[in-house]
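Chemist: First, the structure itself, so that you have it in front of you.
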Amino acid sequence: MRDSSSPARPSLTQLPAWQALKSHFETMRDRHLRDLFAADPRRGERLVAEGAGVYLDYSKNRITDETLRLLLQLAREAGVEARRDAMFAGERINLTENRAVLHSALRAPRGAAVTVDGTNVVQEVQEVLDRMSAFADRVRAGTWLGATGKPIRNIVNIGIGGSDLGPVMAYEALKFYADRRLTLRFVSNVDGTDLVEKTRDLDPAETLFIVSSKTFTTLETMANAQSARAWLLAGLENVPDENAAIARPIISRHFVAVSTNAAEVERFGIDTANMFGFWDWVGGRYSVDSAIGLSLMIAIGPNGFRDFLAGFHAMDEHFRSAPLEQNLPVLLGVLGVWYRNFFGAQTYAVLPYDQYLAYFPTYLQQLDMESNGKHVTLDGQPVDYDTGPVVWGQPGTNGQHAFYQLIHQGTTLIPCDFLGFCQTLNPLPTPGGPSHHDLLMANMFAQTEALAFGKSLEQVQAEGVAADLAPHRVFEGNRPTNTLLLDRLTPRTLGTLIALYEHKVFVQGAIWNINSFDQWGVELGKVLASKIVPELEAPGEPELKHDSSTNALIRRYRARRR
(Lines of atoms letter the chains of each structure in order from A and count residues from 1; the text may use other names and numbers.)
(Lines give C-alpha, C1' and ligand atoms only; values in the text may rest on other atoms or scores of the structure.)
Protein backbone atom coordinates (compact mmCIF):
# COMPACT_ATOMS: atom_id res chain seq x y z
CA MET A 1 0.00 0.00 0.00
CA ARG A 2 2.46 2.59 -1.18
CA ASP A 3 2.17 6.13 -2.40
CA SER A 4 1.38 5.79 -6.10
CA SER A 5 3.77 8.65 -6.86
CA SER A 6 6.73 6.66 -5.50
CA PRO A 7 8.35 3.78 -7.33
CA ALA A 8 8.21 0.41 -5.61
CA ARG A 9 11.36 -0.27 -3.63
CA PRO A 10 13.36 -3.38 -4.44
CA SER A 11 13.13 -6.14 -1.86
CA LEU A 12 15.45 -5.47 1.06
CA THR A 13 17.25 -8.76 0.57
CA GLN A 14 18.00 -7.86 -3.05
CA LEU A 15 19.69 -4.55 -2.27
CA PRO A 16 23.42 -4.59 -3.11
CA ALA A 17 24.40 -3.58 0.43
CA TRP A 18 22.35 -6.43 1.90
CA GLN A 19 24.05 -8.93 -0.38
CA ALA A 20 27.44 -7.48 0.53
CA LEU A 21 26.58 -7.70 4.23
CA LYS A 22 25.65 -11.37 3.85
CA SER A 23 29.11 -12.10 2.49
CA HIS A 24 30.79 -9.83 5.01
CA PHE A 25 28.97 -11.54 7.88
CA GLU A 26 30.75 -14.79 7.07
CA THR A 27 34.06 -13.06 7.80
CA MET A 28 32.70 -11.53 11.03
CA ARG A 29 30.72 -14.42 12.47
CA ASP A 30 33.58 -15.72 14.62
CA ARG A 31 35.72 -12.60 15.06
CA HIS A 32 36.12 -11.76 18.71
CA LEU A 33 36.05 -8.32 20.27
CA ARG A 34 39.33 -9.19 21.99
CA ASP A 35 40.99 -9.39 18.58
CA LEU A 36 39.28 -6.27 17.24
CA PHE A 37 40.50 -4.21 20.19
CA ALA A 38 43.98 -5.74 20.08
CA ALA A 39 44.29 -4.84 16.40
CA ASP A 40 43.23 -1.22 17.01
CA PRO A 41 44.38 0.32 20.31
CA ARG A 42 42.35 3.47 19.55
CA ARG A 43 39.13 1.63 18.77
CA GLY A 44 37.45 2.88 21.96
CA GLU A 45 38.23 6.46 20.98
CA ARG A 46 37.31 6.12 17.30
CA LEU A 47 34.01 4.28 17.41
CA VAL A 48 32.12 6.96 19.28
CA ALA A 49 29.62 9.63 18.31
CA GLU A 50 28.08 12.55 20.14
CA GLY A 51 25.02 14.68 19.57
CA ALA A 52 22.43 16.67 21.54
CA GLY A 53 24.29 15.95 24.77
CA VAL A 54 24.42 12.17 24.30
CA TYR A 55 27.79 10.39 24.07
CA LEU A 56 27.59 7.01 22.34
CA ASP A 57 30.40 4.46 22.60
CA TYR A 58 29.65 1.72 20.08
CA SER A 59 33.16 0.28 20.00
CA LYS A 60 32.08 -2.90 21.84
CA ASN A 61 30.07 -4.07 18.84
CA ARG A 62 31.05 -6.92 16.57
CA ILE A 63 31.85 -4.65 13.66
CA THR A 64 34.75 -3.30 11.66
CA ASP A 65 34.97 -0.11 9.65
CA GLU A 66 33.82 -2.15 6.66
CA THR A 67 30.78 -3.42 8.57
CA LEU A 68 29.77 0.12 9.42
CA ARG A 69 30.33 1.30 5.87
CA LEU A 70 28.07 -1.44 4.52
CA LEU A 71 25.39 -0.87 7.16
CA LEU A 72 25.24 2.83 6.35
CA GLN A 73 25.16 2.01 2.67
CA LEU A 74 22.18 -0.24 3.39
CA ALA A 75 20.45 2.68 5.12
CA ARG A 76 21.06 4.84 2.06
CA GLU A 77 19.89 2.20 -0.41
CA ALA A 78 16.79 1.59 1.72
CA GLY A 79 15.90 5.30 1.48
CA VAL A 80 16.20 6.16 5.16
CA GLU A 81 17.20 9.76 4.46
CA ALA A 82 14.37 10.37 1.99
CA ARG A 83 11.82 8.80 4.31
CA ARG A 84 13.14 10.85 7.23
CA ASP A 85 12.78 14.05 5.22
CA ALA A 86 9.27 13.05 4.14
CA MET A 87 8.28 12.52 7.77
CA PHE A 88 9.56 15.91 8.89
CA ALA A 89 7.89 17.57 5.89
CA GLY A 90 4.48 16.28 6.96
CA GLU A 91 3.97 13.81 4.13
CA ARG A 92 1.48 11.04 4.81
CA ILE A 93 4.02 8.29 5.40
CA ASN A 94 1.56 6.29 7.55
CA LEU A 95 0.09 4.77 4.43
CA THR A 96 -2.36 2.31 5.99
CA GLU A 97 -4.13 5.13 7.84
CA ASN A 98 -3.35 7.89 5.32
CA ARG A 99 -1.82 10.10 7.98
CA ALA A 100 1.17 12.32 8.44
CA VAL A 101 3.61 11.36 11.21
CA LEU A 102 4.52 14.58 12.97
CA HIS A 103 5.32 13.99 16.61
CA SER A 104 8.33 16.19 15.86
CA ALA A 105 5.93 19.15 15.52
CA LEU A 106 4.91 18.68 19.16
CA ARG A 107 8.31 19.95 20.26
CA ALA A 108 9.03 22.45 17.50
CA PRO A 109 9.78 25.86 19.02
CA ARG A 110 7.28 28.67 18.96
CA GLY A 111 7.47 30.45 15.61
CA ALA A 112 8.47 27.36 13.62
CA ALA A 113 6.32 26.29 10.70
CA VAL A 114 5.21 22.76 9.84
CA THR A 115 2.29 22.64 7.44
CA VAL A 116 -0.29 19.86 7.14
CA ASP A 117 -3.12 20.38 4.66
CA GLY A 118 -2.36 24.08 4.52
CA THR A 119 -2.35 24.60 8.30
CA ASN A 120 0.68 25.49 10.39
CA VAL A 121 0.28 22.83 13.05
CA VAL A 122 3.02 24.30 15.25
CA GLN A 123 0.77 27.25 16.00
CA GLU A 124 -2.00 24.86 17.06
CA VAL A 125 0.44 22.91 19.22
CA GLN A 126 1.60 26.07 20.97
CA GLU A 127 -1.99 27.10 21.66
CA VAL A 128 -2.66 23.77 23.38
CA LEU A 129 0.60 24.06 25.34
CA ASP A 130 -0.41 27.53 26.52
CA ARG A 131 -3.79 26.20 27.72
CA MET A 132 -2.09 23.28 29.44
CA SER A 133 0.34 25.66 31.12
CA ALA A 134 -2.42 27.89 32.46
CA PHE A 135 -4.28 24.89 33.84
CA ALA A 136 -1.15 23.31 35.35
CA ASP A 137 -0.22 26.59 37.02
CA ARG A 138 -3.65 26.79 38.67
CA VAL A 139 -3.43 23.24 40.00
CA ARG A 140 0.12 23.75 41.26
CA ALA A 141 -0.78 27.07 42.90
CA GLY A 142 -3.80 25.55 44.65
CA THR A 143 -6.24 27.87 42.92
CA TRP A 144 -8.00 25.11 40.96
CA LEU A 145 -10.53 24.04 43.56
CA GLY A 146 -12.59 20.90 43.80
CA ALA A 147 -16.36 20.93 44.20
CA THR A 148 -16.11 21.38 47.98
CA GLY A 149 -13.66 24.26 47.74
CA LYS A 150 -10.55 22.27 48.61
CA PRO A 151 -7.45 22.63 46.41
CA ILE A 152 -6.42 19.65 44.31
CA ARG A 153 -3.62 17.60 45.84
CA ASN A 154 -4.04 14.26 44.01
CA ILE A 155 -3.83 13.77 40.25
CA VAL A 156 -4.86 10.42 38.78
CA ASN A 157 -4.12 9.84 35.10
CA ILE A 158 -6.43 7.30 33.47
CA GLY A 159 -5.24 5.93 30.14
CA ILE A 160 -3.73 2.87 28.53
CA GLY A 161 -0.90 2.16 26.12
CA GLY A 162 0.72 5.39 25.02
CA SER A 163 -1.70 7.36 27.18
CA ASP A 164 -0.24 5.65 30.24
CA LEU A 165 3.24 4.26 29.55
CA GLY A 166 4.67 7.61 28.46
CA PRO A 167 3.28 9.71 31.33
CA VAL A 168 4.13 7.19 34.05
CA MET A 169 7.65 6.63 32.70
CA ALA A 170 8.34 10.35 32.39
CA TYR A 171 6.90 11.15 35.82
CA GLU A 172 8.98 8.45 37.50
CA ALA A 173 12.06 9.57 35.56
CA LEU A 174 11.60 13.21 36.56
CA LYS A 175 10.25 12.70 40.07
CA PHE A 176 13.28 14.57 41.42
CA TYR A 177 11.87 17.72 39.78
CA ALA A 178 8.23 17.13 40.78
CA ASP A 179 6.21 19.18 43.25
CA ARG A 180 6.10 16.76 46.18
CA ARG A 181 3.01 18.43 47.60
CA LEU A 182 1.12 16.69 44.81
CA THR A 183 0.44 12.96 44.65
CA LEU A 184 0.37 11.47 41.16
CA ARG A 185 -1.11 8.06 40.38
CA PHE A 186 -1.59 6.26 37.07
CA VAL A 187 -4.42 3.84 36.29
CA SER A 188 -4.33 1.75 33.13
CA ASN A 189 -5.37 -1.84 33.73
CA VAL A 190 -9.06 -2.66 33.42
CA ASP A 191 -8.52 -5.01 36.35
CA GLY A 192 -10.49 -3.24 39.07
CA THR A 193 -7.61 -3.77 41.48
CA ASP A 194 -5.64 -1.06 39.70
CA LEU A 195 -8.24 1.66 40.28
CA VAL A 196 -9.15 0.48 43.77
CA GLU A 197 -5.55 0.47 45.00
CA LYS A 198 -4.65 3.76 43.32
CA THR A 199 -7.60 5.58 44.94
CA ARG A 200 -7.73 3.71 48.26
CA ASP A 201 -6.06 6.40 50.38
CA LEU A 202 -7.13 9.47 48.39
CA ASP A 203 -9.60 12.15 49.47
CA PRO A 204 -12.13 12.59 46.63
CA ALA A 205 -12.46 16.28 47.52
CA GLU A 206 -8.78 16.79 46.63
CA THR A 207 -8.57 14.46 43.62
CA LEU A 208 -8.43 15.35 39.94
CA PHE A 209 -8.76 12.72 37.21
CA ILE A 210 -7.17 13.19 33.80
CA VAL A 211 -8.92 10.89 31.32
CA SER A 212 -6.63 10.38 28.34
CA SER A 213 -8.22 8.82 25.27
CA LYS A 214 -8.08 10.24 21.78
CA THR A 215 -11.51 8.84 20.86
CA PHE A 216 -12.91 8.77 24.40
CA THR A 217 -14.22 5.31 23.57
CA THR A 218 -11.25 3.10 24.53
CA LEU A 219 -12.84 0.21 26.44
CA GLU A 220 -10.38 -0.06 29.32
CA THR A 221 -9.96 3.68 29.79
CA MET A 222 -13.66 4.46 29.76
CA ALA A 223 -14.49 1.60 32.14
CA ASN A 224 -11.94 3.02 34.58
CA ALA A 225 -13.18 6.57 34.02
CA GLN A 226 -16.79 5.62 34.70
CA SER A 227 -15.83 3.77 37.87
CA ALA A 228 -13.68 6.72 38.96
CA ARG A 229 -16.66 9.02 38.42
CA ALA A 230 -18.83 6.78 40.59
CA TRP A 231 -16.11 6.70 43.28
CA LEU A 232 -15.88 10.48 43.24
CA LEU A 233 -19.62 11.11 43.48
CA ALA A 234 -20.06 8.53 46.22
CA GLY A 235 -17.20 10.01 48.19
CA LEU A 236 -18.29 13.63 47.87
CA GLU A 237 -22.03 14.01 47.97
CA ASN A 238 -23.36 10.48 47.61
CA VAL A 239 -24.97 11.64 44.36
CA PRO A 240 -26.26 8.84 42.12
CA ASP A 241 -24.07 8.70 39.05
CA GLU A 242 -27.07 8.94 36.76
CA ASN A 243 -28.29 12.22 38.30
CA ALA A 244 -26.56 14.33 35.65
CA ALA A 245 -28.04 17.63 36.77
CA ILE A 246 -26.41 17.36 40.18
CA ALA A 247 -23.34 15.43 39.11
CA ARG A 248 -22.19 17.55 36.17
CA PRO A 249 -20.89 20.60 38.09
CA ILE A 250 -19.10 18.24 40.50
CA ILE A 251 -17.51 16.24 37.70
CA SER A 252 -16.39 19.41 35.94
CA ARG A 253 -14.19 20.31 38.93
CA HIS A 254 -12.62 16.87 39.26
CA PHE A 255 -12.27 15.58 35.70
CA VAL A 256 -10.45 16.92 32.67
CA ALA A 257 -9.97 15.18 29.33
CA VAL A 258 -7.19 14.70 26.85
CA SER A 259 -9.15 13.82 23.74
CA THR A 260 -10.32 14.91 20.33
CA ASN A 261 -13.94 13.76 20.76
CA ALA A 262 -15.75 16.75 22.24
CA ALA A 263 -19.18 15.10 22.02
CA GLU A 264 -18.16 12.08 24.11
CA VAL A 265 -16.25 14.25 26.57
CA GLU A 266 -19.33 16.40 27.14
CA ARG A 267 -21.57 13.34 27.39
CA PHE A 268 -19.34 12.03 30.17
CA GLY A 269 -19.87 15.27 32.10
CA ILE A 270 -16.55 16.99 31.53
CA ASP A 271 -16.62 20.65 30.57
CA THR A 272 -15.13 20.83 27.07
CA ALA A 273 -13.32 23.99 28.18
CA ASN A 274 -11.19 21.54 30.14
CA MET A 275 -10.51 19.28 27.17
CA PHE A 276 -6.99 19.32 25.76
CA GLY A 277 -6.72 18.03 22.24
CA PHE A 278 -4.14 16.48 19.97
CA TRP A 279 -4.13 15.36 16.38
CA ASP A 280 -4.42 12.26 14.22
CA TRP A 281 -0.81 12.74 13.11
CA VAL A 282 0.30 11.88 16.67
CA GLY A 283 0.46 8.17 17.43
CA GLY A 284 -0.24 7.10 20.99
CA ARG A 285 3.26 5.76 21.63
CA TYR A 286 4.70 9.04 20.34
CA SER A 287 2.43 11.30 22.39
CA VAL A 288 4.06 11.86 25.79
CA ASP A 289 5.14 15.32 24.63
CA SER A 290 1.58 16.25 23.64
CA ALA A 291 -1.39 16.97 25.90
CA ILE A 292 -1.05 13.33 26.97
CA GLY A 293 1.79 14.67 29.12
CA LEU A 294 -0.55 16.97 31.10
CA SER A 295 0.03 15.00 34.31
CA LEU A 296 3.78 15.42 33.84
CA MET A 297 3.40 19.16 33.26
CA ILE A 298 1.41 19.47 36.48
CA ALA A 299 4.14 17.55 38.32
CA ILE A 300 7.24 19.37 37.04
CA GLY A 301 5.68 22.66 35.97
CA PRO A 302 5.27 24.27 32.54
CA ASN A 303 8.88 25.46 32.42
CA GLY A 304 10.15 21.97 33.14
CA PHE A 305 7.84 20.56 30.49
CA ARG A 306 9.13 23.01 27.90
CA ASP A 307 12.68 21.96 28.80
CA PHE A 308 11.51 18.39 28.19
CA LEU A 309 10.28 19.41 24.73
CA ALA A 310 13.54 21.22 24.01
CA GLY A 311 15.41 17.97 24.55
CA PHE A 312 13.23 16.20 22.00
CA HIS A 313 13.79 19.02 19.54
CA ALA A 314 17.57 18.92 19.98
CA MET A 315 17.61 15.25 18.99
CA ASP A 316 15.19 15.93 16.11
CA GLU A 317 17.64 18.47 14.73
CA HIS A 318 20.57 16.12 15.21
CA PHE A 319 18.71 13.33 13.39
CA ARG A 320 17.82 15.66 10.52
CA SER A 321 21.25 17.19 10.04
CA ALA A 322 24.06 14.95 11.28
CA PRO A 323 25.87 12.86 8.65
CA LEU A 324 24.91 9.21 8.89
CA GLU A 325 28.38 8.32 10.14
CA GLN A 326 27.82 10.49 13.24
CA ASN A 327 24.02 10.23 13.47
CA LEU A 328 23.07 8.59 16.76
CA PRO A 329 19.62 7.22 15.79
CA VAL A 330 21.04 5.91 12.52
CA LEU A 331 23.99 4.22 14.23
CA LEU A 332 21.77 2.55 16.82
CA GLY A 333 19.31 1.58 14.12
CA VAL A 334 21.75 -0.07 11.73
CA LEU A 335 23.56 -1.87 14.55
CA GLY A 336 20.21 -3.31 15.61
CA VAL A 337 19.59 -4.48 12.04
CA TRP A 338 23.05 -6.10 11.99
CA TYR A 339 22.25 -8.24 15.00
CA ARG A 340 18.59 -8.93 14.20
CA ASN A 341 19.01 -9.86 10.56
CA PHE A 342 22.50 -11.30 10.32
CA PHE A 343 23.29 -12.70 13.78
CA GLY A 344 19.67 -13.75 14.35
CA ALA A 345 19.35 -11.97 17.71
CA GLN A 346 15.72 -12.19 18.77
CA THR A 347 15.86 -9.94 21.82
CA TYR A 348 17.54 -6.73 22.84
CA ALA A 349 18.02 -5.36 26.37
CA VAL A 350 17.96 -1.75 27.56
CA LEU A 351 19.75 -1.40 30.88
CA PRO A 352 19.59 2.07 32.49
CA TYR A 353 21.94 2.59 35.41
CA ASP A 354 19.65 5.08 37.09
CA GLN A 355 16.76 4.09 39.32
CA TYR A 356 14.67 6.99 38.04
CA LEU A 357 14.62 5.26 34.63
CA ALA A 358 13.05 2.08 36.02
CA TYR A 359 10.10 2.39 33.62
CA PHE A 360 12.19 3.34 30.59
CA PRO A 361 12.66 -0.22 29.24
CA THR A 362 8.90 -0.84 29.49
CA TYR A 363 8.23 2.40 27.64
CA LEU A 364 10.68 1.41 24.90
CA GLN A 365 9.07 -2.00 24.75
CA GLN A 366 5.86 -0.45 23.45
CA LEU A 367 7.65 2.11 21.30
CA ASP A 368 9.72 -0.52 19.52
CA MET A 369 7.52 -3.62 19.50
CA GLU A 370 4.26 -1.89 18.59
CA SER A 371 6.03 0.08 15.87
CA ASN A 372 8.13 -2.62 14.24
CA GLY A 373 6.31 -5.82 15.12
CA LYS A 374 5.08 -6.12 11.52
CA HIS A 375 5.06 -8.99 9.03
CA VAL A 376 4.28 -7.24 5.75
CA THR A 377 5.99 -4.46 3.81
CA LEU A 378 4.46 -1.13 2.90
CA ASP A 379 3.29 -2.83 -0.29
CA GLY A 380 1.47 -5.49 1.75
CA GLN A 381 3.90 -8.24 0.80
CA PRO A 382 5.09 -10.76 3.42
CA VAL A 383 8.60 -9.97 4.58
CA ASP A 384 11.28 -12.61 4.04
CA TYR A 385 13.46 -11.32 6.87
CA ASP A 386 13.08 -10.67 10.58
CA THR A 387 11.68 -7.36 11.81
CA GLY A 388 11.34 -5.94 15.33
CA PRO A 389 13.05 -7.69 18.26
CA VAL A 390 11.70 -8.36 21.73
CA VAL A 391 12.73 -5.39 23.90
CA TRP A 392 13.13 -5.65 27.66
CA GLY A 393 15.30 -4.60 30.57
CA GLN A 394 15.62 -3.41 34.15
CA PRO A 395 17.66 -0.76 35.89
CA GLY A 396 21.16 -1.66 37.04
CA THR A 397 22.31 -3.08 39.32
CA ASN A 398 19.12 -5.07 39.94
CA GLY A 399 19.37 -6.92 36.65
CA GLN A 400 22.89 -8.09 37.46
CA HIS A 401 21.41 -10.28 40.19
CA ALA A 402 18.57 -11.54 38.01
CA PHE A 403 19.11 -12.12 34.28
CA TYR A 404 22.66 -11.00 33.47
CA GLN A 405 23.79 -14.60 34.04
CA LEU A 406 22.05 -15.60 30.82
CA ILE A 407 23.49 -12.65 28.92
CA HIS A 408 27.01 -13.59 30.04
CA GLN A 409 26.97 -17.38 29.79
CA GLY A 410 23.73 -18.38 28.09
CA THR A 411 23.36 -19.60 24.52
CA THR A 412 21.25 -16.66 23.29
CA LEU A 413 22.93 -13.57 21.88
CA ILE A 414 21.40 -10.49 23.51
CA PRO A 415 22.76 -7.11 22.38
CA CYS A 416 22.44 -4.50 25.14
CA ASP A 417 22.25 -0.75 25.52
CA PHE A 418 23.73 0.56 28.78
CA LEU A 419 22.56 4.05 29.84
CA GLY A 420 24.31 6.08 32.51
CA PHE A 421 24.80 9.60 33.85
CA CYS A 422 28.04 11.22 34.96
CA GLN A 423 26.28 13.16 37.72
CA THR A 424 23.77 11.78 40.18
CA LEU A 425 20.73 13.69 41.40
CA ASN A 426 21.09 12.16 44.84
CA PRO A 427 24.73 12.19 46.02
CA LEU A 428 25.07 9.67 48.80
CA PRO A 429 28.42 8.74 50.35
CA THR A 430 29.12 5.33 51.78
CA PRO A 431 30.73 5.82 55.21
CA GLY A 432 34.35 4.86 54.77
CA GLY A 433 33.89 3.84 51.14
CA PRO A 434 33.10 5.02 47.62
CA SER A 435 29.95 6.95 46.83
CA HIS A 436 26.81 5.12 45.80
CA HIS A 437 27.06 6.66 42.35
CA ASP A 438 30.65 5.57 41.85
CA LEU A 439 29.66 2.04 42.85
CA LEU A 440 26.77 2.14 40.39
CA MET A 441 28.83 3.40 37.48
CA ALA A 442 31.75 1.08 38.24
CA ASN A 443 29.30 -1.78 37.85
CA MET A 444 28.05 -0.43 34.53
CA PHE A 445 31.53 -0.04 33.07
CA ALA A 446 32.55 -3.46 34.41
CA GLN A 447 29.56 -5.17 32.83
CA THR A 448 30.26 -3.84 29.35
CA GLU A 449 33.91 -4.84 29.72
CA ALA A 450 33.04 -8.33 30.95
CA LEU A 451 30.46 -8.87 28.22
CA ALA A 452 32.92 -7.82 25.53
CA PHE A 453 36.07 -9.61 26.62
CA GLY A 454 34.90 -12.37 28.92
CA LYS A 455 37.36 -14.68 30.61
CA SER A 456 39.18 -17.42 28.73
CA LEU A 457 39.90 -20.93 29.95
CA GLU A 458 43.58 -20.03 30.10
CA GLN A 459 42.85 -17.09 32.39
CA VAL A 460 40.71 -19.25 34.63
CA GLN A 461 43.37 -21.94 34.83
CA ALA A 462 46.04 -19.34 35.60
CA GLU A 463 44.01 -18.41 38.68
CA GLY A 464 44.43 -21.95 39.95
CA VAL A 465 40.79 -22.98 39.58
CA ALA A 466 40.29 -26.74 39.80
CA ALA A 467 40.11 -28.46 36.43
CA ASP A 468 36.56 -29.74 36.95
CA LEU A 469 35.34 -26.23 37.83
CA ALA A 470 37.27 -24.32 35.18
CA PRO A 471 34.73 -24.73 32.34
CA HIS A 472 32.02 -23.28 34.58
CA ARG A 473 34.11 -20.19 35.22
CA VAL A 474 34.75 -19.40 31.55
CA PHE A 475 33.04 -16.37 30.01
CA GLU A 476 33.11 -16.40 26.22
CA GLY A 477 32.63 -12.67 25.95
CA ASN A 478 31.96 -11.24 22.49
CA ARG A 479 28.56 -10.01 23.72
CA PRO A 480 27.86 -6.69 21.97
CA THR A 481 26.89 -3.53 23.83
CA ASN A 482 26.36 0.17 23.29
CA THR A 483 27.08 2.60 26.11
CA LEU A 484 25.23 5.92 26.23
CA LEU A 485 26.56 8.51 28.66
CA LEU A 486 24.86 11.79 29.51
CA ASP A 487 25.87 14.39 32.05
CA ARG A 488 22.75 14.48 34.22
CA LEU A 489 19.14 13.33 34.15
CA THR A 490 17.01 16.42 33.56
CA PRO A 491 13.75 17.09 31.73
CA ARG A 492 15.82 18.07 28.70
CA THR A 493 18.03 14.99 28.67
CA LEU A 494 15.03 12.70 29.14
CA GLY A 495 13.37 14.27 26.10
CA THR A 496 16.59 13.79 24.16
CA LEU A 497 16.78 10.10 25.10
CA ILE A 498 13.16 9.44 24.15
CA ALA A 499 13.59 11.12 20.77
CA LEU A 500 16.80 9.17 20.17
CA TYR A 501 14.93 5.89 20.48
CA GLU A 502 11.91 7.17 18.53
CA HIS A 503 14.18 7.89 15.60
CA LYS A 504 16.18 4.68 16.02
CA VAL A 505 12.91 2.74 15.67
CA PHE A 506 12.05 4.85 12.62
CA VAL A 507 15.39 4.03 10.97
CA GLN A 508 14.86 0.31 11.42
CA GLY A 509 11.30 0.48 10.14
CA ALA A 510 12.48 2.36 7.05
CA ILE A 511 15.16 -0.25 6.36
CA TRP A 512 12.68 -3.09 6.84
CA ASN A 513 10.20 -1.22 4.59
CA ILE A 514 7.35 -1.56 7.08
CA ASN A 515 4.86 0.90 8.54
CA SER A 516 6.13 1.79 12.01
CA PHE A 517 3.10 3.97 12.73
CA ASP A 518 0.05 1.70 12.72
CA GLN A 519 -0.88 -1.06 15.17
CA TRP A 520 -3.49 -3.30 13.62
CA GLY A 521 -2.31 -6.15 15.84
CA VAL A 522 -3.89 -4.39 18.81
CA GLU A 523 -7.34 -4.39 17.22
CA LEU A 524 -8.27 -8.06 16.77
CA GLY A 525 -8.18 -8.93 20.46
CA LYS A 526 -10.30 -5.86 21.29
CA VAL A 527 -12.94 -6.88 18.73
CA LEU A 528 -13.12 -10.43 20.07
CA ALA A 529 -13.26 -9.20 23.68
CA SER A 530 -16.28 -7.04 22.83
CA LYS A 531 -18.08 -10.20 21.66
CA ILE A 532 -17.14 -12.21 24.75
CA VAL A 533 -18.26 -9.61 27.32
CA PRO A 534 -22.00 -10.20 26.66
CA GLU A 535 -21.39 -13.94 26.95
CA LEU A 536 -19.83 -13.47 30.37
CA GLU A 537 -22.64 -11.16 31.48
CA ALA A 538 -25.55 -13.23 30.12
CA PRO A 539 -28.00 -14.31 32.88
CA GLY A 540 -28.55 -17.71 31.31
CA GLU A 541 -26.19 -20.13 29.63
CA PRO A 542 -25.12 -18.37 26.40
CA GLU A 543 -24.68 -20.13 23.10
CA LEU A 544 -20.92 -20.18 22.57
CA LYS A 545 -19.51 -20.39 19.08
CA HIS A 546 -15.79 -20.09 19.72
CA ASP A 547 -13.22 -22.85 19.46
CA SER A 548 -13.47 -25.68 22.01
CA SER A 549 -10.73 -24.23 24.22
CA THR A 550 -12.23 -20.74 24.46
CA ASN A 551 -15.72 -22.17 25.03
CA ALA A 552 -14.46 -24.36 27.89
CA LEU A 553 -12.58 -21.48 29.50
CA ILE A 554 -15.65 -19.23 29.38
CA ARG A 555 -17.86 -21.93 30.92
CA ARG A 556 -15.38 -22.61 33.72
CA TYR A 557 -15.04 -18.91 34.48
CA ARG A 558 -18.83 -18.42 34.58
CA ALA A 559 -19.25 -21.40 36.88
CA ARG A 560 -16.58 -20.40 39.38
CA ARG A 561 -16.49 -16.60 39.49
CA ARG A 562 -18.90 -16.29 42.43
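From the backbone N, Cα and C atoms, a Cβ is placed for every residue, glycine too.
When I checked Swiss-Prot for this same protein, it listed these features:
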ACT_SITE  Glu370  active site, proton donor
ACT_SITE  His401  active site
ACT_SITE  Lys526  active site
Chemist: Whole-number Å distance between the CA of His401 (active site) and the CA of the residue listed as 'active site, proton donor'?
Modeler: 29
Chemist: So if I draw a 10 Å sphere around the Cβ of His401 (active site), how many other Cβ atoms end up inside it?
Modeler: 8
Chemist: Hey, what's the Cβ neighbour count for Glu370 (active site, proton donor) at 10 Å?
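Modeler: The Cβ of Glu370 (active site, proton donor) has 23 Cβ neighbours within 10 Å.
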Chemist: For Lys526 (active site), what residues in its own chain, 6 or more apart in sequence, show a Cβ-Cβ distance under 8 Å?
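Modeler: Once residues fewer than 6 apart are set aside, Lys526 (active site) is near Leu219.
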